[in-house]
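The structure under discussion appears below in the form of structure tokens.
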């Protein structure tokens, strides 16, 4: 009898091998095999995420699909592959590591849920959450009777009923937050209601799951389930009254701006594991302990942010995908065979969608939510994800779900989450509205009106130049200058990115101003400058995907009534003077802003204006040059130069280029408008009498300014007969600190080939390394309402913007 038993129970795997040169196969040992599994899983799921990115699917979809494909449903059908890479004797190690990663991920999910916001949940969101749980739960009960009568005949009735109800009624809070952030709906009415309802749904789902686990024990005595629930409730009370004060004490002793002590991090992570052990001992599940610690963790201050920063990349990037593969290895789609099985799959999907969508839509309409928003809410609340898989895996491990019912429920979760993004995009696109405003350019008749600037930056390298540029622009006699300094951040897959986006203020865009440890120290420089100067500086952060962050920039510029947007050039200067690209995505941002901006736009080619540090106002001494060819863009550049000339430390030199009699500055070349987006905005260069009249008016203003300020403002006219003459004149400006140039003057391109069409014919030459290594360049496009044919913000005269405070909101 011993031999068959030993044959069925192979010896446990040793941890490490002695290497191939010792004639040992590394895949027969636990550690090298686990490393191979992790590398394969991460690489494969990231590749699928890349393929699904154009469909705007959250990464969890790629990880679920990757797990299924690596399992016996697809690639794992090859037994040699399955037995080599995922042999049965290695699954215990894989599942253990995956569950450790899951514990810490559930801790992060708990950190995202703020119980104070759940307490403030409005009546509308609460009703939607209750209906979004009740209706699908009842349909799940009905579905369980059908499944027990067909493919799950031996399942224990009560626990199977509860598991199916929970599986159909869950809304995945982390996945929903990711989808809302991608679609820029987090701060819309739909987004706020969906997040509030999903948070309530999440808490209810965990309570129901605890009930389901308690009812699924092997002991048939109902007293056991009762004891499990009572002990679980006792643990929650203990965590709140005993563990929470300890966490609060550590958070209090981690002040702003100082590093968090290593012992505090160690104690917290150990508490997560210890609480997981307690809940597992009780019989609920280890993940409940980790989730509860995350819930009771103080959310204010730097402590929570540091914890997220320490563990999220390792957990979300490496360990969590293992859990999806672990689920995929248990999922065999081949078990769904025959008409009855496919009919049951259709029934489960229909009941899951019908319960969530119809239940949410009906209650939304009753609470006076418009139909399109109600429909969008219905599909958003139908989002499944990781929590769904946790429920199904626990049901599978507890023998409540068999292989066929487990596979059906996994496909249901995958389908319902997959359809969310495309359907919401199709049925609901919130209109951006804004009140019309006058001053959309720097050139204006009312020179005493306030100048508002939206200055964008990517990193700390842009900040000194940007602050020196702001200081140069504030003048002495004109009205005050208001700067919105916007840090552009890419929305990542991190939990902290969602946490930051969720701190949105009430102006309807994913910006947040709250200073927190390690999150956005860049704004401190602008705040310090604003306090020491007469300039009103309001720092904020835009967090979005690079493919559509231009929408945030343009919409914010309209809401803040900006006259010009400053954008950083997509290349930065190396030590040797040459430029290196930050990526094509940053160039596309600039091109899209040029196409959709509701005001003028300036692209700053930074060559270190004022050096690597902020120049004091009393020490500022810059030479600014404006090459003037004529046209709207050049007029805007000259108007900006005249404003800068108000500063006592600025010397402005304007060079007007003049063509010989009977010729134009086109010099016989056929001019082709360089448009950043030809389908949405066409650059029309009007070299007509109207333009000439406006040029002459501005030139007259310049001459009068020169008369008043002979020492700080100078001008000259330059006769040019060829492109070489223009290049010679421009090269004479290379020793200046800043050159202001229009984007689309009526001149031929000075470079034969340029990879920067957004800079125009002159800007492309000035930004080249052959021109200068010290002179910064600002390429300016003047707002032209006649070419603004596809605005991102629809102006409505009766729409009231929120009043602007006089001081920054911090």
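Along the chain as shown, residues are numbered 1 onward.
Every residue gets a Cβ built from N, Cα and C, even glycine.
Keep in mind that this is a model prediction, so the values were computed, not measured.
According to TrEMBL, the feature domain 'Cation/H+ exchanger transmembrane' maps to 47-424.
For 478-617, the entry in TrEMBL reads domain 'Cation/H(+) antiporter central'.
Positions annotated as domain 'Cation/H(+) antiporter C-terminal' by TrEMBL: 623-784.
The transmembrane segment annotation in TrEMBL covers 29-48 (among others).
The list of residues near the transmembrane segment (60-76) in space but at least 6 beyond its ends in sequence, with Cβ under 8 angstroms from a Cβ of it, reads 40-41, 44-46, 48-49, 51-52, 82, 86, 172, 175, 178, 320-321, 324-334, 385-386, 389, 407, 410, 413-414, 417-418. The transmembrane segment annotation in TrEMBL covers 60-76 (among others).
Taking Cβ pairs closer than 8 Å, the transmembrane segment (96-113) reaches residues 34, 173-174, 177, 199, 202-203, 269, 272-273, 276, 286-287, 289-297, 299, 304, 307-308, 311-312, 315-316, 318-320, 322-323, 325-326, 386, 390, 495, 498-499, 502 in its own chain, all 6 or more past its ends. Here TrEMBL flags 96-113 (among others) as transmembrane segment.
Residues annotated as transmembrane segment in TrEMBL: 125-146 (among others).
Feature annotation from TrEMBL assigns transmembrane segment to 158-181 (among others).
Beyond its flanks by at least six residues, the transmembrane segment (193-217) meets 113, 117-118, 121-122, 124-126, 128-130, 132-133, 137, 156, 158-159, 162-163, 165-166, 169-173, 176-177, 180, 185-186, 224-225, 228-229, 232, 283-285, 288, 291, 360, 364, 369, 377, 380-381, 383, 387, 390-391, 394-395, 398, 400, 502 of its own chain at Cβ-Cβ distances under 8 Å. The transmembrane segment annotation in TrEMBL covers 193-217 (among others).
Feature annotation from TrEMBL assigns transmembrane segment to 223-243 (among others).
Feature annotation from TrEMBL assigns transmembrane segment to 264-297 (among others). Within its own chain, the transmembrane segment (264-297) is flanked in space by residues 99, 102-104, 106-113, 115, 206, 209-210, 213-214, 217, 224, 228, 231-232, 235-236, 239-240, 243-244, 246-247, 250-251, 253-254, 303-304, 306-307, 310-311, 390, 394, which lie at least six positions past its ends and keep a Cβ under 8 Å from the stretch.
Under the heading transmembrane segment, TrEMBL lists 342-367 (among others). Note on the transmembrane segment (342-367): residues 123-124, 127-128, 130-132, 134-140, 142-143, 146-147, 150-151, 167-169, 171, 193, 197, 336, 373-375, 377-379, 381-382, 408-409, 411-412, 415-416 of its chain, located 6 or more positions outside it, place their CB under 8 angstroms from a CB of the stretch.
Beyond its flanks by at least six residues, the transmembrane segment (405-428) meets 55-58, 60-61, 64-65, 68, 73, 147, 151-152, 155, 167, 172, 175, 179, 182-183, 185, 190, 327, 330-333, 335-336, 341, 344-345, 348-349, 352-353, 356, 372-373, 375-376, 379-380, 382-385, 388-389, 392, 395-396 of its own chain at Cβ-Cβ distances under 8 Å. Under the heading transmembrane segment, TrEMBL lists 405-428 (among others).
Across the domain 'Cation/H(+) antiporter central' (478-617), the prediction's mean pLDDT works out to 74.
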